[in-house]
Amino acid sequence: MRAVLSQKTTPLPRYLWPGHLSGPRRLTWSWCSDHRTPTCRELGSPHPTPCTGPARGWPRRGGGPCGFTSAGHVLCGYPLCLLSGPIQGCGTGLGDSSMAFLSRTSPVAAASFQSRQEARGSILLQSCQLPPQWLSTEAWTGEWKQPHGGALTSRSPGPVAPQRPCHLKGWQHRPTQHNAACKQGQAAAQTPPRPGPPSAPPPPPKEGHQEGLVELPASFRELLTFFCTNATIHGAIRLVCSRGNRLKTTSWGLLSLGALVALCWQLGLLFERHWHRPVLMAVSVHSERKLLPLVTLCDGNPRRPSPVLRHLELLDEFARENIDSLYNVNLSKGRAALSATVPRHEPPFHLDREIRLQRLSHSGSRVRVGFRLCNSTGGDCFYRGYTSGVAAVQDWYHFHYVDILALLPAAWEDSHGSQDGHFVLSCSYDGLDCQARQFRTFHHPTYGSCYTVDGVWTAQRPGITHGVGLVLRVEQQPHLPLLSTLAGIRVMVHGRNHTPFLGHHSFSVRPGTEATISIREDEVHRLGSPYGHCTAGGEGVEVELLHNTSYTRQACLVSCFQQLMVETCSCGYYLHPLPAGAEYCSSARHPAWGHCFYRLYQDLETHRLPCTSRCPRPCRESAFKLSTGTSRWPSAKSAGWTLATLGEQGLPHQSHRQRSSLAKINIVYQELNYRSVEEAPVYSVPQLLSAMGSLCSLWFGASVLSLLELLELLLDASALTLVLGGRRLRRAWFSWPRASPASGASSIKPEASQMPPPAGGTSDDPEPSGPHLPRVMLPGVLAGVSAEESWAGPQPLETLDT
């Protein structure tokens with residue numbers, strides 16, 4: 001590399017280290033108070049040279065006291081040289097380097113550069129006068145090489161002996177020894193400390209460039225360029241490689257932006273569907289032996305309880321009056337027979353005759369019939385109306401009937417068989433007779449005597465011959481004709497340990513027929529939160545079940561309604577179990593309970609009560625699908641011997657020839673296969689990730705690692721923002737104006753330990769120790785060198801060509 005000559009006069013560098021100039025007059029120098037003007041004095045003399053102003057140098061081309069210097073300076077009457085080539089001075093601390101002298105009378109400055117390509121100036125570090133003994137003035141040609149061994153060699157003839165330089169470390173910690181070394185012909189120099197706080201030490205010496213653990217780009221442009229060049233996202237590199245073509249760059253930028261908008265839109269739709277938690281119904285078929293479910297059978301003919309026979313007679317009389325007034329029908333027959341069976345001791349009873357049947361309105365050809373219910377004060381009344389007169393009469397009669405049953409003692413129980421015979425005439429399973437222990441009996445106030453077939457039977461094969469066969473007696477003499485108009489058998493199939501709610505899930509079998517009930521079982525598995533609202537065995541349900549059975553939603557709804565009625569009406573409905581400490585509703589104790597009950601029941605039907613939300617479905621339950629086929633039984637040809645045979649088994653004598661007094665029911669499994677219906681989420685976590693990956697791959701060809709690259713870009717951008725912001729704040733802090741000192745004094749005040757000796761001071765020591773370099777922010781530019789370049793670390797030693 002050839003030296004580049006400066007074409008302008010430059011000021012003396014302010015970071016020149018104060019020290020000794022060993023020469024004819026043994027001079028020493030220091031800075032004046034402005035830190036721009038040097039002052040010199042002879043050792044032992046108290047009179048320094050005056051501070052007349054900054055010393056300046058002059059440019060020279062080839063020759064002169066410095067030979068090939070780019071700029072010359074005069075210090076204390078001696079010419080001082082600034083070299084513009086990549087020469088490392090002794091003692092710089094920037095690596096093993098050598099010192100070069102141009103003559104015996106010219107001190108030399110060592111120069112350091114950031115790189116060979118950017119060597120645009122020089123840095124003056126330290127000057128020593130005497131050259132090494134092996135170098136003569138006549139031997140100098142101006143061309144020097146740096147050999148591999150680290151010592152300087154000359155192209156001029158003659159022997160050359162290497163000499164080890166002195167280093168910066170010795171200058172910093174042992175300034176006296178360093179000055180002595182320079183007197184022996186070795187020069188030491190040091191690069192100025194890096195700008196920063198005064199307490200920050202200079203960077204440690206390094207050999208060459210070493211990559212740090214974490215390195216950031218210099219600017220956001222460089223960061224974005226690196227990302228677009230190396231990212232695995234498709235289309236990103238087009239934003240960089242097409243920079244020379246603005247049309248392509250703009251087009252690819254718009255395409256990338258459009259793809260990003262489309263990706264965000266589709267991801268939004270995907271997450272919206274996922275947050276709604278949709279489910280799939282997965283149906284699978286399994287084949288295994290199954291236990292037969294329970295079957296409850298009721299005769300549909302409730303009995304008249306003996307303690308309230310008189311009350312029921314009064315109710316029948318009141319009902320006949322209402323029907324006569326509405327439809328002109330005479331129902332007075334049978335009153336004497338009922339009066340004869342009235343017991344002497346009866347509970348107190350009050351029949352509310354204000355609640356009577358009446359015509360409400362005419363809607364064209366349809367007549368509405370109903371009754372009015374009012375609260376205890378009579379200020380709030382409403383009509384419960386029906387378009388069917390039969391339904392109106394039955395509901396009105398049922399209301400008064402339940403009001404009377406509430407007067408029964410809590411320990412009262414009715415017999416479950418009729419006096420004329422048994423309800424179940426025969427029972428068999430798979431050709432074997434049933435046992436009495438396989439039946440459970442109870443009395444229902446509305447559906448009469450009921451039997452639950454509770455045999456532990458496992459279905460071996462499908463078909464009628466492998467199921468349960470029952471022959472039942474159908475009683476045609478109703479005890480409460482206004483309460484039930486049914487002539488037949490009430491049947492309900494339900495799971496084990498479940499309460500049969502006959503008013504909701506039962507069906508009827510008419511007399512004189514054979515009904516075959518085929519069962520198909522479905523197992524339902526529901527998902528809990530967050531996909532649905534279900535409970536496992538009643539866990540987490542706020543409602544306390546009043547039935548001593550397993551959890552079902554219907555049992556929970558009934559219990560919830562009864563508890564709300566006790567809280568609202570101060571009494572409970574008779575057809576449901578009571579909570580602890582409550583009593584049933586009756587007009588004798590609660591005159592307006594009917595108004596409260598029907599209001600609450602209407603809210604339950606319209607889902608305005610909280611019972612629906614309080615009673616979730618079971619997460620796992622068995623649902624029975626029933627299909628029924630009927631035929632006439634017994635047939636005309638077999639009726640004689642069939643009825644005669646059944647007469648010996650308990651059929652009443654007067655019913656021997658009456659087909660309408662019998663019914664046959666077969667309960668079988670339609671098939672042993674059962675269906676399992678399981679809910680599954682539409683978007684599980686793996687499916688959601690798969691859908692997201694498909695969309696990212698469709699629009700950008702990206703993967704999870706591509707997303708990590710984006711995350712890395714965001715982290716780098718955040719770190720770079722903090723670094724640049726910190727630099728700007730530090731620059732603003734150090735450039736903030738300080739308080740102006742006294743006139744003629746410098747605003748730069750080094751530390752006391754680093755101040756040079758005063759200009760007028762005297763010392764008898766012939767070799768005073770040199771002070772430390774003041775840690776101040778000084779310009780790093782001489783002949784075009786930037787401040788960042790002047791503080792840069794060393795590069796590998798290069799050869800200077802002049």
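Residue numbers in this text run from 1 along the chain shown.
In case you wondered, yes, glycine gets a Cβ from its N, Cα and C as well.
Under the heading compositional bias 'Basic residues', Swiss-Prot lists 166-176. Positions annotated as compositional bias 'Pro residues' by Swiss-Prot: 192-205. Under the heading N-linked glycosylation site, Swiss-Prot lists N330, N548. The feature region 'Disordered' is assigned by Swiss-Prot to 145-211, 738-777. Feature annotation from Swiss-Prot assigns topological domain 'Cytoplasmic' to 1-250, 716-802. Marked as topological domain 'Extracellular' by Swiss-Prot: 272-694. Among the features that Swiss-Prot reports, transmembrane segment is placed at 251-271, 695-715.
For N330 (N-linked glycosylation site) paired with N548 (N-linked glycosylation site), the C-alpha to C-alpha distance reads 46 Å. Sequence-distant neighbours of the transmembrane segment (251-271) (same chain, 6+ residues past either end, Cβ-Cβ under 8 Å): 235-236, 238-239, 242, 683, 688, 691-692, 695-696, 699-700. N330 (N-linked glycosylation site) falls within neither a helix nor a strand when secondary structure is assigned with DSSP, and so counts as coil.
Within 10 Å of the Cβ of N548 (N-linked glycosylation site) there are 8 other Cβ atoms, across all protein chains. DSSP gives N548 (N-linked glycosylation site) a coil state; it is part of no helix or strand.
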